[in-house]
Amino acid sequence: MVLDELISEFDRGLRSLTGISRMSRPVPVPADTPDVELTPAERTHAAGLMRVNHVGEVCAQALYQAQKLTARTASAKAMFEEAAREEEDHLAWTAHRLKELDSRPSLLNPLWYAGALAIGVAAGTLGDKVSLGFMAETERQVESHLEGHMSELPPTDTASRAIVDQMRIDEVKHGKAATDAGGIELPLPARMLMRAASKVMTSTAYYL
């Protein structure tokens, strides 16, 4: 059983890094909004933001894979699995949008994935309450990050905005579920360290 689980997660990791993630929900589309041609500068900026979002989803896959494998209860494992499935949709959506913008994922995705996997293992070894608390804090920070992107994306880029908005809705749900399941609030130094690490990732992934 453990071997089957490891093989399944290894397969998911490969799909995350190779850009062939499976999509269980269709790509969100704007409601009744005509397509507007973006300027070259707008396309470049939107692509940078969506690349950052794609990296975030690569990291989410690694985090939740590691946390699922180290979880001590069946309920925690199920929660990490459900979140990972929805995050896999986000991964596919952002990859799809990057292609539409004639851009590419981050060249450093293997590095981001490996780092997030290590962090997920560390969080998981501290117990389910800490691991769920880490999930809740991660989702809160991602929610804030996505809200910032909604204000930064060109108003005419309705395709990217529809994707980001649905991602934000899902992140709020994941964070609340983790808290309701008993996740504890992380100490301030841990939350600050998470923000600092996120800033390094987002500022780098925008370009690379």
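Any Cβ shown, glycine's included, is placed from N, Cα and C.
Taken from Swiss-Prot, the feature Fe cation 1 binding site covers GLU57, GLU87, HIS90, GLU171. What Swiss-Prot lists as Fe cation 2 binding site is GLU87, GLU139, GLU171, HIS174.
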Open item on the list: Please give me the binding-site residues out of GLU57, GLU87, HIS90 that lie within 10 Å of GLU139 (Fe cation 2 binding site), comparing Cα atoms only.
Closed with: none
Open item on the list: Tell me the Cα distance separating HIS174 (Fe cation 2 binding site) from GLU57 (Fe cation 1 binding site), rounded to the nearest angstrom.
Closed with: 14
- [ ] Would you mind checking how many other C-beta atoms are within 10 angstroms of the C-beta on GLU171 (Fe cation 1 binding site)?
- [x] 25
- [ ] Look up GLU139 (Fe cation 2 binding site) in the DSSP assignment and report helix, strand or coil.
- [x] helix
Task: Shell of the Fe cation 1 site beyond GLU57, GLU87, HIS90, GLU171, same chain only (C-beta within 8 angstroms of their C-beta centre) - done: GLY56, ALA60, GLU86, GLU88, ASP89, LEU91, VAL142, MET167, ASP170
Task: Distance from HIS90 (Fe cation 1 binding site) back to HIS174 (Fe cation 2 binding site), taken between C-alpha atoms, in Å - done: 13
